[in-house]
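Peer 1: This is the structure I have questions about; it appears just below.
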Amino acid sequence: MPFITPPYEAEPSKPSEEPSEAQAEGVKSAPGEREVWPEPIEGGTGAQLVALLRYLTQTDVHTYAFSVAANVILSLFPFIVLLLTISRVIFHSPAMVTVVSQLMYSYLPVGQDFVMRNMTLLVHPHKGVQFFSVGMLLVSSTGVFLPLEVALNNVWRVTKNRSYLHNQAVSLGLALSVGLLAMFSIGVSSAQQAVLGFLFMGHTQNIFYAVLSKGFLSVLATFSSVMLFFLIYWILPNRKIPALAVLPTAIVTGLLWEGAKHLYILTLPHLNFQDVYGPFQISVGLMLWAFLSGLMLLAGAHFSATRHAMRMAHAAEAD
């Protein structure tokens, strides 16, 4: 029987392991791993908003936001005590103490009088309170930024989170940056009030001074919010992200956050927290606002990541 040679079968082609140009930009998520960027969303802004709403309905997103909210509440009060202590004990500046109170009135949507009255009572030159405030900030800031890093890494498709010690270092650096930003805002606002007082020749009890002073404080608070969002979006993910990829989103998120805060203040009387939670209404109101703020932060991160992926895809097609 003659030997019949079987027909030649070509080996199935293997998918190329080389990353596309859209995925090759930037640094690798981890040593030895291929860079992966978020998938671009076709269909324009409407499709991106639909994808954003789907993202916000994921259970993981709510888990991260609740974790961040709890640790924000834990870190808020030591942070206020620390700012008041620095202003009163180190700088001996009643004007800076007043500005701290005014800034907290701008940031807190509920219970401003209660919070500031009790925080002021804790400020005295005893080192025990100062050390406790610093210690609580170190612990709670880690609790804020650790789940945020995991959430932002998921948004940016980072395959490897930082080690525990590395995350601690980044968290402390961000906490220090937030503190410096707050002290800068306090110093600038205090100087602005001194200049306005000089220009008005000490006649500060009038509507023009109040409008100018409050307007400047609102602008300063908004600027601080935008910078805070920018630092978190830019530094916290475990990958190199172009600053211009997150700066526009940080600006928009900061402005939306300010608008949402005023809307939340208008909505609070209709939520009847007093009837349901009694004396705990302030804590519940602050916790709910911190949770909503966490959702807004993660929404901004998702939107900036998908927009950046779209720009990279268009750049790759153009090449």
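Cβ coordinates are placed from backbone N, Cα and C, and glycine is handled just like the others.
Sharing the record's features from TrEMBL:
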- 1-10: compositional bias 'Low complexity' (COMPBIAS)
- 1-41: region 'Disordered' (REGION)
- 64-84: transmembrane segment (TRANSMEM)
- 89-108: transmembrane segment (TRANSMEM)
- 128-148: transmembrane segment (TRANSMEM)
- 169-187: transmembrane segment (TRANSMEM)
- 207-236: transmembrane segment (TRANSMEM)
- 243-260: transmembrane segment (TRANSMEM)
- 280-303: transmembrane segment (TRANSMEM)
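Walk me through the surroundings of each of these features.
Peer 2: Packing against the transmembrane segment (89-108) from elsewhere in the chain are residues 80, 83, 115-116, 120, 123, 125, 130, 182, 185-187, 189-190, 193-194, 217-218, 220-221, 261, 286: each is 6 or more residues past its ends and has a CB under 8 Å from a CB in it.
Residues 63-64, 67-68, 70-72, 74-75, 78-79, 81-82, 85, 89, 122, 167-168, 170-172, 174-175, 232, 236, 297 of the same chain lie 6+ residues outside the transmembrane segment (128-148) yet bring a C-beta within less than 8 angstroms of a C-beta in it.
Panel annotation: around the transmembrane segment (207-236), residues 99, 102-103, 106-107, 145, 148-149, 152, 170, 173-174, 177-178, 181-182, 185, 188-189, 192-193, 196-197, 200, 243, 246-247, 249-251, 253-255, 257-258, 297, 300-301, 304 of the same chain, lying at least six beyond its termini, place a Cβ under 8 Å from a Cβ of the stretch.
A Cβ distance under 8 Å defines the sequence-distant neighbours of the transmembrane segment (243-260), meaning residues of its chain 6+ beyond its ends; these are 218, 221-222, 225-230, 233-234, 292-293, 296-297, 299-301, 303-304, 307-308, 311.
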